[in-house]
Every structure is written in C-alpha cells, then in structure tokens.
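Per Swiss-Prot, the features are:
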type	residues	note
DOMAIN	9-67	domain 'CpcD-like'
DOMAIN	104-228	domain 'FAD-binding FR-type'
BINDING	ARG163, LEU164, TYR165, SER166, CYS184, VAL185, ARG186, TYR190, VAL202, CYS203, SER204, THR243	FAD binding site
BINDING	SER166, ARG186, THR243, 275-276, 305-306, 315-319, 344-345, GLU384	NADP(+) binding site
Amino acid sequence: MYNATNSRSRMFRYEVVGLRQTAETEKTNYAIRNSGSQFFNVPYDRMNQFMQQITRWGGKIVSIQPLNGTVAPLAATTEPAANNGAAPVKEKKVDIPVNIYRPNNPCIGKVISNEELVREGGEGTVKHIIFDISGTELRYLEGQSIGIIPAGTDANGKPHKLRLYSIASTRHGDFQDDKTVSLCVRRLEYKDKETGETIYGVCSSYLNQLQPGDEVKITGPVGKEMLLSDDPEATIIMLATGTGIAPFRAFLWRMFKENNPDYQFKGLAWLFFGVAYTANILYKDELEAIQAQYPDHFRLTYAISREQKTPDGGKMYIQGRIAEHADEIWQLLQKKNTHVYMCGLRGMEPGIDEAMTAAAAKNGADWQEFLKGTLKKEGRWHVETY
C-alpha cells in the first residue's frame, strides 16, 4: 500500500530551525535546543504528522535528506501567510512547457517506487508511481499530462502507441527537488463482449507491473486546459472521480505542502471526490491531513456510491453531492476568481449540469448561457473527462 509498504521502511533526515522548548516539546523524546539546526530521522509514513508537529512547535523545515540520498530543500508547511491588507500577489507568469519530448525522441525516466493506493476491500488496483527524471530536460506544470510508451510491440509487430496520463505531482516533484514526476494509474480491465474474456489495458498493465529501477520512455508534457490558476486568493472547485484525482493532488500539494515565495495560497480549495468504496479513496490520508491542518482553506466532500445513499435512496455519485451544494456553488461562481476543474468519468457531466441548471434558475439565470458566455469565455471552467 502507498505510505504503508515499501515506503514505510524508508527513512528521511529533516533539518529544522526555529524550534523552542515548550510544554509540548518536553513531553517528547526529542532533545530541543534553543538555537541552530536540529536533525530528525523520520519514516516516510510519518512525514505528514511530523511536519504538522514541527508547525505546532514553531519550527521551519529547511531540508529533507533521504538517508543515503541527496538533500532536497523544503520549506515549512505552515498556515498560508496573511497578506496584511496588501494587494493580492500574483504568481510570476511562467512559460508553459509543451512537447519537450516527442514520441520519436522520448526521454528516459527510471522508476523510484510503484505503490498500491487501493486499500483492502476496494475495487481494482491503482498505483502511485514516481519516476526519476534527473538528467533530462523534462519540466511540467500542475494540470499537465505526460505520455508513456509501453515496452514491446503490438500484434502487428509495431511499437505500442503512447498513452497520456495526468501528472499527480507538482512541478517540483514528490521530493520537491525538481527531479521526479509522479502518476496515478488504474489498471484497466474489462470483459470482451463476445468471449467474456478479461482484457487488460496494455499501457496501464505495463505501468502497474514496473519495478524500482525499470526504465520508461516518457513524452510531453502536454495540456493547457487544466492548468492551476495562478491567483493565490482564488476559489478552486475540483470535481474528481477515481484516478481523476491526479491533477488535484498536484494542485493541493502546491497550495498546502509547498511554501513557494511566488505562490502562497490564501483562497478556498473545495474537492468533490467520487469513488465506489471508502477503500478506493486514493490519497485518503494526505487529503484528510490537509483538511485537518487547513480547515479554513480546504473543504473535502466524498461521494461513495456503494456506501452512501441520496435522499431518494439512490447511489450517491459525485453529481448528487453537487446537487446538495449547488446553491452555494452558484454563489461562489459569481466571484471572478472562482474556477471549476473536472477530471474523471464523462458520465458525471449531465448530472452536474442538471444540478447547476436548477441552482441558476432559482436566481433567474440560464445555466447554459452562464456556462458558455461567462465561465468558459473567462477561462474559469476546465474539463478533462473520458
């Protein structure tokens, strides 16, 4: 399991400054000095808790070093900084990288880890895969995708076609050292209508079976539709089903797990996440840790179709949750810096349109006119469904 198997045995050395002895620190086994850097060895599956603890103690994390690895600088995870009444600070515009690597000239990434995200009792298998891209020119932004070219050939002896996957890490990578890119990949499987045979997706199966050290051909990045708004005071509404969570994990890490000098999020992020079972909530611990640490800036709403019911007794899909909150969402959409991002199954779209049509009508508006003439025209409605 992600954060529970291979990663659990990995240790990281934290360098922390600014700690002070308090009643709380005296209850721990840590020897707290009143000045200088202090170092802590922390297992991977306790990193979130440890960073929250350091924040409570008033400290600042200045680097993380994988034991037997290299130093990866990391700022402290603290409450989003107040703006002290100043005008909103806009993130410096960056060039959007596109097709740095093409299918005829891919770069080579090396697998660092490949870990299961679905917990016991869940459906299917989904892996969080981290690739080492150091030594390449690959760079990317939150909301983009990369292409993967599976090894081997198809039935006709030709190379397999590439498949695109949404990136699940920020531009700085999971270790925040600008040397990795991460994916969230579900192994595709379906029944052949004629034979009943189970068919597995070529690329998703290839990725799910990779081992640390394996080399993979990577292309891209591609995509401009899902780029995260650079307004640190924006309202960001995210609608995800299944592995559609990938770009939103990147968004949330950028908002809450990194302390970028040019982007300190002070707005509202609201994630609606639809899954079949609780065991299928991908990155559950991460999401709930962020919610606990930033309750004023992050809202988390699950739609668990096999476990939750709508008021009329039906299964609770994500569109049902949108219907419950449609009036509030409508009001949020009147703000010029509210963006909606949708990623996952296309089947959620009609129900969301229906819910928002009803909410708009209560306010004397036509949802389709508002959607096309305002949200899409202003670049505030972002959709990547399949």
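Cβ atoms here come from the backbone N, Cα and C positions, even for glycine.
Shown here: features listed in Swiss-Prot, placed on the structure.
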residue	record	DSSP class
ARG163	FAD binding site	strand
CYS184	FAD binding site	strand
VAL202	FAD binding site	helix
THR243	NADP(+) binding site	helix
ARG306	NADP(+) binding site	coil
MET316	NADP(+) binding site	coil
GLU384	NADP(+) binding site	strand
Between the C-alpha atoms of ARG306 (NADP(+) binding site) and CYS184 (FAD binding site), the distance in angstrom, to the nearest integer, is 22
Which of the three DSSP states, helix, strand or coil, fits ALA276 (NADP(+) binding site)? coil
Would you kindly give the Cα-Cα distance separating THR243 (NADP(+) binding site) and TYR165 (FAD binding site), rounded to the nearest Å? 10
Could you give the Cα-Cα distance between THR243 (NADP(+) binding site) and VAL202 (FAD binding site), in whole Å? 17
How many Å lie between the Cα of SER166 (NADP(+) binding site) and the Cα of ARG186 (FAD binding site)? 12
Identify, among the binding-site residues CYS184, VAL202, ALA276, MET316, ILE318, the residue whose Cβ has the fewest other Cβ atoms within 10 Å in this structure. VAL202
Should GLY344 (NADP(+) binding site) be counted as helix, strand, or coil on the basis of DSSP? strand
Look at the binding-site residues SER166, SER204, THR243 and tell me which residue has the greatest number of other C-beta atoms within 10 angstroms of its C-beta. SER166
